[in-house]
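Here Swiss-Prot flags B:9-91 as region 'Ubiquitin-like (UBL) domain'. Among the features that Swiss-Prot reports, repeat 'WD 1' is placed at B:107-146, with the record citing sequence analysis. The repeat 'WD 2' annotation in Swiss-Prot covers B:149-188 and is backed by sequence analysis. Annotation comment: Swiss-Prot describes B:192-236 as repeat 'WD 3'. Under the heading repeat 'WD 4', Swiss-Prot lists B:239-277, citing sequence analysis as support. Taken from Swiss-Prot, the feature repeat 'WD 5' applies to B:313-354, supported by sequence analysis. Residues or ranges marked as repeat 'WD 6' by Swiss-Prot: B:358-399. The annotation repeat 'WD 7' is assigned in Swiss-Prot to B:400-439. As annotated by Swiss-Prot, motif 'DWD box' applies to B:417-432, with the evidence given as a curator's inference. Residues annotated as repeat 'WD 8' in Swiss-Prot, with sequence analysis given as evidence: B:442-473.
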Amino acid sequence: MPQGDYIDLHRKRNGYRLDHFERKRKKEARESLGIKGKMIAKKNYAEKALMKKTLKMHEESSSRRKADENVQEGAVPAYLLDREDTTRAKVCLFFLFNNTIKQKRKEKAGKWEVPLPKVRPVAEDEMFRVIRSGKRKTKQWKRMVTKATFVGPAFTRKPPKYERFIRPSGLRFTKAHVTHPELKCTFCLEIIGIKKNPNGPMYTSLGVMTRGTIIEVNVSELGLVTPAGKVVWGKYAQVTNNPENDGCINAVLLV
Amino acid sequence: MTMMDTDEGKTVMCLLTDPEGTHLGSAMYIPQKAGPLQLTQLVNRFLDNEEMLPYSFYVSDEELLVPVGTYLEKNKVSVEKVLTIVYQQQAVFRIRPVNRCSQTIAGHAEAVLCVSFSPDGKQLASGSGDTTVRLWDLYTETPLFTCKGHKNWVLTVAWSPDGKHLVSGSKSGEICCWNPKKGELEGSPLTGHKKWITGISWEPVHLSSPCRRFVTSSKDGDARIWDITLKKSIICLSGHTLAVTCVKWGGDGIIYTGSQDCTIKMWETTQGKLIRELKGHGHWINSLALSTEYVLRTGAFDHTGRQYPPNEEKQKALERYNKTKGDSPERLVSGSDDFTMFLWEPSVSKQPKKRLTGHQQLVNHVYFSPDGKWIASASFDKSVRLWNGITGQFVTVFRGHVGPVYQVSWSADSRLLLSGSKDSTLKIWEIRTKKLKQDLPGHADEVFAVDWSPDGEKVVSGGKDRVLKLWKG
């Protein structure tokens, strides 16, 4: 017999406990007490309010009132009204430029206000893998980079016999996914160059991109213009992920 | 030096024709040394002009800027054939290009959506997202009046061609008439449209003076003709199935409406009947332009800035209209979301005269030059294209903007073209050299509306950064 039926069978044969109904009543009453009771009451109230609203909405009203149209923000001219240009939201805040002299001096000195000021330092043995070469594979002067790199478009390898640092083409990237911090929209932009790698100048010169590296990206597709009227085509961004693990470079634009 | 001597005797057979094809005199021998200046003198003589009027000359659609001989050598045209030189009269006055921002006037609390100079160029009105229309004093470059009365964004403003009335249309579908001298609302807002107003156009002065009627187009698919003295809608032109995006009152008394349902309808104005439907576009029609539009907008006023008493206004406006129109019928150009434009001669045929292709994104604004010889089109592909206003032939493309170009405006002498774009800059292009003349940066955000004053002195631009910028030469 199924286990629930044993209870019913017992009840049929022997009836209820003497205090069964009293206990049942008291237990149910206790449910509306305490914190649990308050939660239940709140839920019930919310449901009641929602039901009342929907009923009122569907009710026929005797008074005919013209719906007040609220004046919305973000006024656009008539020719843009029917268009949902998603790119509009993206570019609207780009014009808040702050090219003061102080900022320019800071840029020159290489001091940045960056989203990731401190990053975990990457050790050399993590960054490079030793490549054995030579007839007996005893020479160990070659190193292969294990992190994502950027080499420029005019890159030509050194003669293989003499190159100390190997940058595998599988780890070379040309584009980065750059997010604007305020607008929260991401663009896939070309990398122009590596500005600074926090782990050292050697990595900067090699073009290694690890988390926290400052890169320069080509923003010409965004159509930004400085207040003086010049077209902006390069901006700095900081890498926010570990590209060697993800296979892509995510960066945040430095405005 | 010896080259010059041998050239002295050389002549070439030329035939001077005007843009419509009528010959000026017969074919004659002209020395090869003759340049545009000498040709101008010749044409003035032949036409018996009292004053020396400036002309520009075109040989097979290319402008002649060098002496005839140099042109022949460069293009290896045979001396034996008769050379056809087309002459075109240019405007007598010359507008100075603007190059500096004379004033940045703040005042609006939200983005400026539309600006318009009055036909005499003495007053300026702007409508904005903060539901007000503001009138500005051009001499002191300060705010004059703030006109409150609309309930939602003011999308369009339009001056009557005699400069006495100003109407504005808003997003809630109401139209307010203002007295520009006092900045007050005349009567109460006119209701009738159910959705927002997309365009306003006044009846030309030469058809009825004083100005009484104007037509408005709306998203609800109708266009309505209103009478400003009766303060109500006289006729409702319904027929379009989707929003009507633009409306123009033509000089021959026909109203043209362009709509999102890809058609242009022509209406007659006494009873509001549909005359013709112009089909051909594949997508929304964004903008319409008439070849005589500038003259209709400015009415009896011209570059001299003279005021005329009311009974003379009609006559003077008619004169100016006939002069610009010439013998050819009125032309209409329509720009659409299907990346092309059509050039129509609506009174002649239902079929378009020419299809103007070339843009790579939707065409937002088209505008005929004041003399009707050029068409400028602004597109979201960041370029402005120039087309021949009579044949529709492509002339040149102006590249330089880095964002979609929203609006264009012509200077009163048709020599300079102004464009405002999303990238916050305005650019002035010279038609003669077909190059960028002046770059006007300075706005902090997108530029929504531009206008060049009819007297050519000032340019005004307004945009998302809520300020109005006045530019001067």
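Numbers here mean position along the shown chain, with the first residue as 1.
Yeah, the Cβs are placed from backbone N, Cα and C, and that goes for glycine too.
Context for these features, please: burial, neighbours, distances.
With DSSP classes pooled into helix, strand and coil, the tally for the region 'Ubiquitin-like (UBL) domain' (B:9-91) is 20 helix, 30 strand, 33 coil.
Mean model confidence of the repeat 'WD 1' (B:107-146) amounts to 90 (pLDDT, 0 to 100 scale).
Across the repeat 'WD 3' (B:192-236), DSSP assigns 0 helix, 23 strand, 22 coil.
Packing against the repeat 'WD 4' (B:239-277) from elsewhere in the chain are residues 195, 198-204, 206-207, 213-223, 225, 283-290, 292-293, 295-296, 321, 325, 330, 332, 334, 336, 344, 346-347, 350: each is 6 or more residues past its ends and has a CB under 8 Å from a CB in it.
Taking Cβ pairs closer than 8 Å, the repeat 'WD 6' (B:358-399) reaches residues 19, 61, 88, 90-91, 283, 286-295, 324-326, 328, 331, 333-341, 343, 405-410, 412-414, 417, 419, 421, 427, 429, 431, 434, 436 in its own chain, all 6 or more past its ends.
Panel annotation: around the motif 'DWD box' (B:417-432), residues 56, 63, 97-98, 369, 374, 376, 378, 382, 384, 386, 398, 400-411, 438-450, 452, 459, 461, 463, 465, 471 of the same chain, lying at least six beyond its termini, place a Cβ under 8 Å from a Cβ of the stretch.
Within the chain, the repeat 'WD 8' (B:442-473) has long-range Cβ neighbours (under 8 A, six or more residues past its boundaries) at 93, 95-117, 119-121, 124, 126, 128, 136, 138, 141, 297-298, 301, 303, 305, 403, 406-413, 418-426.
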Can you break down the motif 'DWD box' (B:417-432) into helix, strand and coil residue counts using DSSP?
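Per DSSP, the residues of the motif 'DWD box' (B:417-432) fall into 0 helix, 10 strand, 6 coil.
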May I ask for the residues of the chain that lie six or more residues beyond the repeat 'WD 3' (B:192-236) and have a Cβ under 8 Å from a Cβ within it?
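Answer is 152, 155-162, 164-165, 167-175, 177, 186, 242-249, 251, 253, 255, 257, 259, 267, 269, 271-272, 296, 299-300, 310-311, 313-314, 317-318, 321.
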So what's near the repeat 'WD 2' (B:149-188) in sequence-distant terms, Cβ-Cβ under 8 Å and 6+ beyond its ends?
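Long-range Cβ neighbours of the repeat 'WD 2' (B:149-188): 110, 113-120, 122-123, 125-129, 131-133, 135, 194-202, 204-205, 209-211, 214, 216, 218, 220, 226, 228, 231, 296-301, 310, 313, 317.
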Over the span of the repeat 'WD 4' (B:239-277), count residues by DSSP class, listing helix, strand and coil in order.
0 helix, 22 strand, 17 coil
